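Everything below concerns the one structure shown next.
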Amino acid sequence: GGSYPQKNAEILSSQYGINLFLAGLLLTFAWAVHAVGISKSHLLSYLITLMFIQLLWMLWYLCRSCTQRRLIRDKDRHAGACWLKCGITLFAVITLILDSFKIGYYIDFSNCLSPTEGIFPVTHAVHTILQVYFLWCHAKDIIQSFKTLERFGVIHSVFTNLLLWTNGVLTESKHQLNEHKERLITLGFGNITIVLDDHAPQCNCTTTTLCSIFSQGIYYLYPFNIEYHILASTMLYVLWKNIGRKVEHHQQHKTPFKFHGITVGMVFGLIVLTSTIAIVVVYLIQIGRSKVKSELALTMFYLHAIFVLALMCTAGIVALLIYRLEERSLDNSKNPARKLDAELLVGTAAGSWLLSWGSILAIICAQAHPKYTWYNLPYSVLVIIEKYIQNLFIIESIHREQEKANDDIKTLRIVTVSQGSTLSLTPSYKEIYNGRAARGSGEVPCLFKGSICGRENDGGGRAKEEMSQENSSAMHSASDFSFYSRNSVTNNKRRILKNIAAFLFLCNLSLWIPPAFGCRPEYDNGLEEIVFGFEPWIIVVNLAMPFSIFYRMHSAASLFEVNCKT
């Protein structure tokens, strides 16, 4: 009967969080379309209130934890991995730089900006610092006291971060749209007459140079802010799912990251990363300069992406084939963090799949096809296939049980000494346990022949003992060769899998960079706008692109875990 109140608390808290999010989402949408009576100050006031409530809850939780620090608490060893905490700390540091830029921007335009635009970055900076500290200290907690109150506090934090993520995505998308229209006009799509809304301040800047640095720098830092909030929301969601959970206490297996044995994967991955950065730089310089330069930039991007995606598909297929050759059981234990990882992989991949199918249909249905648009067809097909293969590889990898030492390799060798000379090695522990060494002669196996058995078999047993030693030696030489060969094959498979995981890790980081920093052919191609219409396609891209960007970062994080686990 005690489970019903807790289940009701879970349902009530989740409904509270959803309504909190929907109200903020509607307010964000109203500000974006310039709804009557809704301004940016209303949206920021709502976000400031949510962050203030979360700050109060985190402070209360930290103080209560400090008073109970001597109590032994259950921990979820799968949640809040060290590398994940380091990643969110890096994004948080860049987010603090973004907040400082916003504060400087507000100071320069303070004559015509609402005070909430100055209060928001200050509150957000304090919220970021305390939240990162909270996640470092308590991401693994399994809360067993004040469960109903904690459910509401944690779910409030989850949806507060999701709303901050939505606000960042919208702000960054509006900036991309303004640049997108200029590029389309350069490419010759002059029939697009839609006027985009502009939320720029209606006054002059006090310091022109600083204003330019702040306004431009903010949009280059937004991708890190977006990743920070989505990572924080996922870590907090796992904490929410762990409230009241009963865990099985078993030995924890540490999986540290090692560079040893992954040189090949790292080298090829770094080549892809370096070339991708070069492609993005050239793309951003050339796109929008002229029609010829824009078409060359798009062609260059598509050819590079096709080559990288083909390599990733090949690597993923090889890894799956290796898994098919192995016989290892899957870990089906209850694990909220692992379940969330798998759901996020498939769910966020749907964003890029939607864009790819839209591009494929546009190429099929369009009446005119500029030359560069044909490269979009294999690119879109490979995006679908690559994510399909990579998701299979990652999900199977995180569900496979960690490799345990093989009993055939863990053999007990006892060196026997008789009359001052070393004799041959005795049978392995496994063979002694199963009685295989004694089946041929019908005797109990002798572990210390120079002591016990030697005294019992003096005289006629000498010849018999020497013969059994020779047979045992021959048997172990063949057995050891079999052990070493199997061990060598296993190590080679592990080495290949680790190199594939390292290569895919760097490739996903590489493919995260272009869309995160404005290199988006889905915007600049122009063919989809003709087929679907400008506004419908822009809506599709703005909805799907954040999930596509998050997919690459989440895949990179999952592949890092796979590399440590393999």
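Glycine too: its Cβ is placed from the backbone N, Cα and C atoms.
Taken from TrEMBL, the feature transmembrane segment applies to 16-37 (among others).
Counting same-chain residues at least six beyond the ends of the transmembrane segment (43-62), those with a Cβ under 8 angstroms from any Cβ of the stretch are 20, 23-24, 27-28, 31, 114, 116-117, 119-120, 123-124, 126-127, 130-131, 134, 137-138, 150, 153, 156-157, 160, 163-164, 167. The feature transmembrane segment is assigned by TrEMBL to 43-62 (among others).
According to TrEMBL, the feature transmembrane segment maps to 83-107 (among others).
Residues annotated as transmembrane segment in TrEMBL: 119-136 (among others). Same-chain neighbours of the transmembrane segment (119-136): 44, 47-48, 51-52, 54-55, 58-59, 61-62, 80, 85, 88-89, 92, 95-96, 99-100, 102-103, 106, 157, 164, 228, 232, 235-236, counting only residues six or more beyond its ends whose CB sits under 8 Å from a CB of the stretch.
Here TrEMBL flags 219-240 (among others) as transmembrane segment.
Counting same-chain residues at least six beyond the ends of the transmembrane segment (261-285), those with a Cβ under 8 angstroms from any Cβ of the stretch are 297, 300-301, 304, 308, 311, 494-495, 498-507, 509-511, 513-514, 517-519, 563. Among the features that TrEMBL reports, transmembrane segment is placed at 261-285 (among others).
Residues annotated as transmembrane segment in TrEMBL: 301-323 (among others).
What TrEMBL records for 344-369 (among others) is transmembrane segment. Away from its own ends, the transmembrane segment (344-369) comes close to residues 234, 376-377, 379-381, 383-384, 387, 391, 394-395, 522, 525, 527-528, 530-532, 537, 540-541, 543-548, 550-551, 554-555, 558 of its chain (Cβ-Cβ under 8 Å, at least six residues beyond either end).
Sequence-distant neighbours of the transmembrane segment (496-518) (same chain, 6+ residues past either end, Cβ-Cβ under 8 Å): 176, 179, 220, 223, 261-266, 268-270, 272-273, 276-277, 279-280, 283-284, 301, 305, 308, 311-312, 315-316, 318-319, 322, 390, 393, 397, 545, 548-549, 552-553, 555-556, 559-560, 562-563, 566. The annotation transmembrane segment is assigned in TrEMBL to 496-518 (among others).
Here the transmembrane segment (530-551) has Cβ contacts under 8 Å with residues 165, 169, 173, 177, 180, 189, 192, 194, 223, 226-227, 230, 344-345, 347-352, 354-355, 358, 361-362, 365-366, 387, 512, 515-516, 520, 522-523 of the same chain, all six or more residues outside its ends. Annotation comment: TrEMBL describes 530-551 (among others) as transmembrane segment.
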Cβ pairs under 8 Å between the transmembrane segment (83-107) and the transmembrane segment (219-240), at least three: yes
